[in-house]
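Presented below is the structure to which this report refers.
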Amino acid sequence: MGFPPKSYWYLLCVMVLLPALCHSQDAYVCSRATYYGSPDCLGTATGACGFGGYGRTINDGSVSGVSRLYRHGTGCGACYQVRCKVPQLCVEDGVNVVVTDYGEGDKTDFVLSTRAYSRLARPNAALELLAYGVVDIEYRRIPCQYPGYNLMVKVHEHSRFPEYLALIFLYQDGQNDITAVEVFQADCQQWKGMRKAYGAVWDMANPPPGAINIRVQVSGSAGQTWVQLSSVVSSEWKAGDVYDTSIQLN
């Protein structure tokens, strides 16, 4: 029995290398995406990230649930460019989405809002693309951009003054993650860590009285750093309050 021809080995190499090429070219990763229905085609206010109404309408409703990219909630608020790989139906640039929920599909990384999924399509092709149900995609993480907005801190609706404080961060620019949150305890002159409650929500029982000084650990490709947000939460905070930090984390 002779050896296979050279063309056989070349074809085998191409077959083995194709997934790696898809993963490395322009930093795109190959995957699949589906969508979920909603009456207005926007996101859901009950998403696992804890964003509430913000998670329904941010980015004009082009939002997504993710599974592997959720990262125990650290992935909440991250932005991705998603491009459909059905060229006869899909626009070249795809759609930019914000992660607001956890969602699993049939071997998918993204469960898009109906609006986001429809924006993958060429003009007049949305219904045909929706009929697919699941499509092959490629995606990459991109910096979030919220022109005209600073990083905002919201006192979550589950908070109860003064014994329980839960916080969530909104309009976070850039491509970094918030991986820890601490509150300054003036009585003992030290920082005390908040608990990662779920999604993007951080909480603490019996927070210190007075205006609350916060610092956040920001992690990204350049490493980790702490950013201090002085007296950003007022001494008379209440559930639903939103505070402007006057900075961004990009």
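Counting begins at 1 with the first residue displayed.
Any Cβ shown, glycine's included, is placed from N, Cα and C.
As annotated by TrEMBL, domain 'Expansin-like EG45' applies to 46-149.
The domain 'Expansin-like CBD' annotation in TrEMBL covers 163-245.
The signal peptide annotation in TrEMBL covers 1-24.
Taken through DSSP, the domain 'Expansin-like EG45' (46-149) splits into 27 helix, 33 strand, 44 coil.
Per-class residue totals from DSSP over the domain 'Expansin-like CBD' (163-245), listed helix then strand then coil: 0 helix, 53 strand, 30 coil. This prediction places the mean pLDDT of the domain 'Expansin-like CBD' (163-245) at 96.
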